[in-house]
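Report on one structure; see the data block that follows.
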Amino acid sequence: MKNGVRRSKADVVYDTVNIAFLTLLLMIVLYPLYFVVIASFSDPSAVGTGKVILFPKGFNLNGYDLIFKYKQLWIGYRNTVLYTIGGTALSVSLTLMTAYAFSRKDMVGRGFIVMLFIIPMFIHGGLIPTYLLVRKLHMIDNPLTVIILGCVSMWNIIITRTFFQSTIPQELFEAAKIDGCGNIGYFFKVVLPLSKAIIAVLVVFSAVGQWNSFFNALIYLNDRNLIPLQLVLREILSSQTQMMQQLELGIGDQDMAQKTFLAESVKYGIIIVSSLPILCIYPFAQKYFVKGVMIGSLKG
Amino acid sequence: MITINRVKQNIGLYFLVLPALIYVIMFDYVPLYGVLIAFENFKPIKGIWGSDWVGLYHFARFVHLDVFWVLIKNTLSLSLYSLIAGFPIPIILALALNSVTSKKFKKVVQTVTYAPHFISTVILVGMLNVFLSPRLGVVSQLLNSIGLTKGPLMTLTNPDAFSHLYVWSGIWQGMGWGSIIYLAALSGVDPSLHEAAKVDGATKFQQAWYIDLPSIMPTIVTLLILSCGNILGVGFEKAFLMQNSLNLSTSEVISTYVYKSGLLQSQFSFSAAVGLFNSVINLVLLLTVNKLAKKLGQNGIF
Amino acid sequence: MKSRVSKFLSCIMSIALIGGTLIACSDAKQNEGVMPSSEGNLLDGGITNATGFPITKEPITLTVGIANGAHMGDVTQYNLWKKIEEKTNIKINLKVYSDAEKANLMFSSRDYPDIGLRMDASDQAMSDAIDAGDIVGIDNLLQYTPSWKKFFDTNPELKKQALMPDGKLYGFPYAVLNETSYNLRDQWFINKKWLDELGLQIPTTTDEFKNVLMAFKNNAGKGSIPKNVIPYYILYGNNIGGQFDIYGAFGVYTPGSYFIVEDGKYKSQATNPDLKEPIKYLADLYKNGLIVPEAFTDDWGRYTAAISSIPPLVGSMTSFGDQGQNVSDGKWWTPIAPLKSPNGKNPLIRRQTKSIWPRNYVIFKNNKYPVASARLAELLADPEWSLTENFGSEGVWWKNSSDGKYELLSPTTEVADADKALGNYGIALLDEDMFNNKIVNDNFKKEGTREWAYENIYKKYLPEKNLNYPPMPSGLLSDEEKQRMTDLSKSLNDYIKTTIANWISGKGDIDAEWDAYVKKLKDLGLDEYMQLNQKQLDAASKLGHE
């Protein structure tokens, strides 16, 4: 059908400009990404002195060697995968439920409750009282802590609510009500099936957020068997700044500059090791950004 | 009476909110007493209830700093520039992607532009420094070889270039990520609108302008309001890493200042006070913009 | 299971302690332990022997907190802990604080281990804990630690660094006093191979130095000098590899900041007009392309990349470590003496401060075995234990040589975590006598090592008096004074750093702008800053005299 419609001249121009624009963007984004890859295989001093431009210089796997030699790495991977799955499931469910309720103008006291959620976006007690609270709840060294803390994101709730408001007509509920459908039933049976796109977005946001997070794990987990990947990688990297401090004080051993140097070569490899797996979830999520879902379900 | 009835009618909605509400009360409101730290000379050992109360001392300290206005100016100009330049680009990218017919091309562009989100700030700034290195950087070598410049490239040490570098590298990193939400919103556009427009002979540009853009307007407004609520929240890490002794006049922002003075000694109270100062201004801005949006006939965020 | 119960208990305990009610009572208990009890000579409530080994008559466990030094590997695997347990009956249960933030929170919640090695909590946290009585004073325990007692008695200057504002000692120190390490800041290197290729001599004056650098630049692309040569590399403003040794060449001593202490008086070098000359010299080098703009933009990572590039990219630079081993094909780098300037003043090289880490082993008040803990600190002060603590396992990092001395080894294969060293994350006592007379270090004889360079080149160029700001405890000034000092320090040092960077990079004229610069520093509160520092200095020098 679509191909049958002949493209007007204006459309040809539009398409050409569009494709050219996107191709240019693609190039601008691609080169630095490519650079990260070749830098991770190159001699760090060649990287630092501008010799690595199109191909790796001084090809070596020392950086990766150092990363993969680290015993904690695989434990970290396993933990991160578990935390990401758990955290995403929890966060996405809470976000959808809350956002849907907030999207309903007929909810009495909505303004007040929303305000209750918005204030903590700006004013919070800080780390110390939160730490004391978590400790009091005996949640130190409990993997659930890193899953639960931060599972409610008001930012996500607000954009999800906007999505509900602008895509799901209020009349649909009126219709469902006549069929004897309550709020909760309507939410699960009608709203959720219509919201695949926003669910996909939320999954991407939460999963990536959880995957990259380390602070809560740093503070609340002591057990080495529980720490996530980002914390492991942070340990590998932090040697650089630490050794710098050592050197500043002049108490470090003689070959510290050398070790520092190795840390420099690891930087690029770490990005690849840590982000490749999570990078892959977006293409899957894209499948759900399909047009016409709305219409199909309404008709059906 | 009517109210109670309406509550009863929609009782399910309250159940939906309940779990998140419990979380917010438990982990946001219970520790909220921590804001008191901003008003005292907090000592961890003495605890929040036991430390000496100093009232607005730390706020006064901040406002009376020699560099106070410089910090405000730098912070504001960075975030306004980021907002003005950075806000529309993910929208344009999403609209452009939306009108691409080749599914494969679309997917490739989408995935590639999203990838920089995973580059850590350290690496991003590291790459900026490597590429723009005055003599050895690829940009300097390129410009010199084609004769556009002679001698070292001084971008990194030029205080006027700092904001451009900061903002555009941020756009590079964030545009694909930022477009995700718009792409999802665009998928909600009723295809029959496009069909009808085609029959009326609308060009693709007109369709994007008159159908797609208005239909994602609620999302745009929501995100704009949220961004305005973060205007003093220029994060410290990137600005800190991009600082050098020659660009400090424009690169010192509130967060980097607080971070660095906190390094000299533990300044719980000072950083808490500055944080609260930022938050209050951000909150006021958010409320103002929200009200403005409502006046202009858009849905506010509450 | 047991650890969970004890965690739970200690949690309850510390919640109760926040009320502060138990502090007095635990103080009393602690004194009981220190005094010999009536039954035999056993201390710590009948567990600890006053002398001899094992330290405790039955096995005990002590929880020991330590920061995570990234270079240390898995610190829980160290042989050291096993050796301690065998010798003393004390089992060490390590608690690793992987981040300073975590250590600070530990202080906030007063959830202390029994012993704290280096934990990297803020100085403030430590001194607040001492104020609150959470850390046991060690003056009463020194009777069980003769080595440490002797150390403090014979090193009054170092003891001063360890005293808290109340004039008491609160921890055992990491005292590794290797003169070649602490007395010299950076070595100054020049590219000998390039000099030889160009037939040039090692420069001895600032003028000769400039000529050599010019020759490097003019011969870029010839021989082994690369096209994009960096004649003189500085990492502007940085303590290591910065421009400060050029100031020294003109006789102006700056330790890495612009403030010095001379005969107990706090002085500003930032407003010293003598600084104009070296800055003009640096500006001249910059104008001629001998210092490159990267000096102002590079970070530590790119500094190391540049100075250790193979083949070398740099003609001259300063660096703490040796560069000899960085380049395998022949000898590239040679250390040079500080350059003489036309003004005829004695050229100076920077030194560091002879110092200890004063509280790298503290005993918290919840520790039931203070005497046993002190005796453990004493054990670690023993030469062989200190060598193991500081360098690593015997047989891997050092060995007994036939004449009763200790020979340092450099292992060629990778060292297992078990054999690694705590270094300055723990405590050790290795004084100058050890390094000068008992530790055999081949490096002194090897040209190209820091030890050799120190002995043969730099020793005579060190300023006679130490002009660096001495280490001192926090808590000598009031909170308000400290906060004021922090704010002033930030704005003054930023202004100094930026202005001098502008002068060097040719964005300003030092002669025309000097007076305005000095006036601006005064306006920013230089005098007040100096007074506050002087006050702190005076308070520190009075410590231990009451």
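Quick reminder: no glycine exception, Cβ is built from N, Cα and C everywhere.
These figures come from a predicted structure and were not determined experimentally.
The transmembrane segment annotation in TrEMBL covers A:12-34 (among others).
Annotated domain 'ABC transmembrane type-1' per TrEMBL: A:77-279, in sequence order.
Feature annotation from TrEMBL assigns transmembrane segment to A:81-100 (among others).
Here the transmembrane segment (A:112-132) has Cβ contacts under 8 Å with residues 98, 102, 152, 154-155, 157, 219-220 of the same chain, all six or more residues outside its ends. Residues annotated as transmembrane segment in TrEMBL: A:112-132 (among others).
Here TrEMBL flags A:144-164 (among others) as transmembrane segment. When Cβ-Cβ distances below 8 Å are used as the criterion, the transmembrane segment (A:144-164) is approached by residues 83, 86-87, 90-91, 94-96, 98-100, 102-103, 117-118, 120-121, 134, 191, 195, 197-198, 202, 205-206, 209, 213, 216-217, 220-221, 228 of the same chain, each at least six residues removed from its ends.
Sequence annotations record features per position, and here TrEMBL assigns transmembrane segment to A:184-208 (among others).
Per TrEMBL, transmembrane segment is recorded for A:266-285 (among others).
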Under 8 Å for C-beta pairs, could you tell me which stretch among A:12-34, A:184-208, A:266-285 has the largest tally with the transmembrane segment (A:81-100)?
A:184-208
Sequence-remote contacts (6 or more beyond its ends) of the transmembrane segment (A:12-34), Cβ cut-off under 8 Å?
none
